[in-house]
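What follows is a single structure, written as structure tokens, with notes after it.
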Amino acid sequence: MATVTLNYPDLVKLIGIDLSLDKVREVMFELGSETEDIQGDEVTFEVTSDRADLLSEEGIARMLRAYYSIETGFRIPKLQPSGYKLIVNREVEPVRPYVTGAIVRNVQFTDESIKSLMHLQEKLHGTFGRKRKKGAVGVHDLSKIKGREIHYRAVPGDSVKFVPLQSDELMTLSDVLARHPKGIDYRYVLEGKNLMPIITDDEGIFSFPPIINSKRTEVTLNTHDLLIELTGEDLRTIDYMLNIVLYSLDLRGASIYSIDVVYPDETLHRPDFNVRNIDIEVDYVNRVLGLELTAPDIKALLERMGFKVAETGSDYLIVEVPPYRADILHKRDVVDDVGRAFGYNNITPSYPNTPSVGKLTEATKLGDAIRNTMIGLGCQDTFNFILIGKDEVFGKMNLPDDGTAVEISNPYAEQYNIVRTSLIPSLMIVLSNNLHRDYPQNIFEVGTVAHLDSAENTGVKEIDHVACTLCYAKAGFNEIKVKLQSLCANFGKLDELKTVAAEHPSFIPGRCAEVRIGDKKVGIIGELSPVVLKSWGIEMPVAAFEMEIAALK
């Protein structure tokens, strides 16, 4: 969950009608947000982190304007070309590959609106931007930027100097990471990188993303024109973050201008306000919610939730998703908003027609027992997404793509384009995201992996695995084998456990073995190779094992 603190009088002004605070709190609760705190005119709401569009006064005002039918659906801000180009140099690709942005003019800042913008910026960093690693926003005074060609480059840390925000000292990039408070907080994002990303104009550097901006382009109450730039590891993420910021400024009357983002191999026109369509059947909505709504009923409810309905038949609707709703991934997400607009409190509870008694499956009980054992062995439990990037499973693990992975035809992002075939890459993601934390880092996961199998009815075989990684200075084969032996002993399988020498591209030759229970191969154990560790940016040794949990029955 995330929190958003807003000024209540400013919110009412943005909504356009006089609403009591109690009424706002009531509606916010119905729509899934609770009131966390009230201090005078300052009200803090708790919102789910997937609703990044609600992390500002403007976002909440926009939602309430639609809910009260002041402005149903959504509109696309009129875009005009700015004449600015954002040129991406090829050397940034291994450092921080993506950038996007826009020009905003006719901004009329007040104390509240500038505070709201900065608040939104930081909330996006902490949620959607994954603490600036996946995406980060930079806001600049356009009048201080020289020239109409802006360059996104990567340079050595000691090659350029600038005066960062919250400082009067001329500093190199390395100095910023070592001594500036923001550099200390966020230097882990660039850990292991040989070059540092910068954004420059005709006068030189004015942004060190995702760390801090230059003092030269600082935004003040007297700023009327803005450059919004975002950098990150995923283009879709930063495009959505940009849209959220732009729609907030648009609600306050600003004008949006496009820029050309010139990559070495293509040119993108940003912002991208293209609308996605989702087809939804009336019967599907009613089956999920247990209601008897008609197509016109659903259309009216969706418009109150900020959607547009492009086409309606007697049994279907074509729904247009706003450019800032990154959380809408499936038609069930649309149904959820129908339910919120209808009011879940207005749905009459009923007992299912077939009575039954719920209980844990044997597989779930086994998984829980394994978790308890691994925790007792001093390892920390992790829960990772079953979707992962192909590069994480194959490229970074030094493995050839054998064609057995289940690929997603329309992935949310490149980091989630296949179903994982192993748990170890998921654990490596956790380790690579925690390079700034103390060691040892001994973690494990019990979870599902999958691969294509024509013998299965679905064409896919799913298997529950347990995997463990040890990451510290003395982590080695013997240390990880002790964990494996202790796990097997706890389930009465120690006498059947065998580790047979094997070769595997992810592991160091001579320090890798197959895990066998009886005569059946059920897993792998060993020390990860330096090639793998380097690809993840990990400098500590890592030892790991992974096996099927069914072998412990």
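Going from the start of the chain as shown, residues are counted 1 onward.
Including glycine, each Cβ sits where the backbone N, Cα and C put it.
From a predicted model like this one, the values you see are computed outputs, not experimental measurements.
If you look up Swiss-Prot, you'll see 273-349 marked as domain 'B5', on the strength of sequence analysis. Swiss-Prot lists D327, D333, D336, D337 with the feature Mg(2+) binding site, giving sequence analysis as the kind of evidence.
The binding-site residues under consideration are D327, D333, D337. Their Cβ neighbour counts within 10 Å are lowest for D333.
If you take every residue in the domain 'B5' (273-349) and average the pLDDT, you get 94. Here the Cβ of D336 (Mg(2+) binding site) has 18 other Cβ atoms within 10 Å, regardless of which shown protein chain they belong to.
Annotation note: D327 (Mg(2+) binding site) sits in a coil segment as assigned by DSSP.
Mapped onto three states, the DSSP output places D337 (Mg(2+) binding site) in helix.
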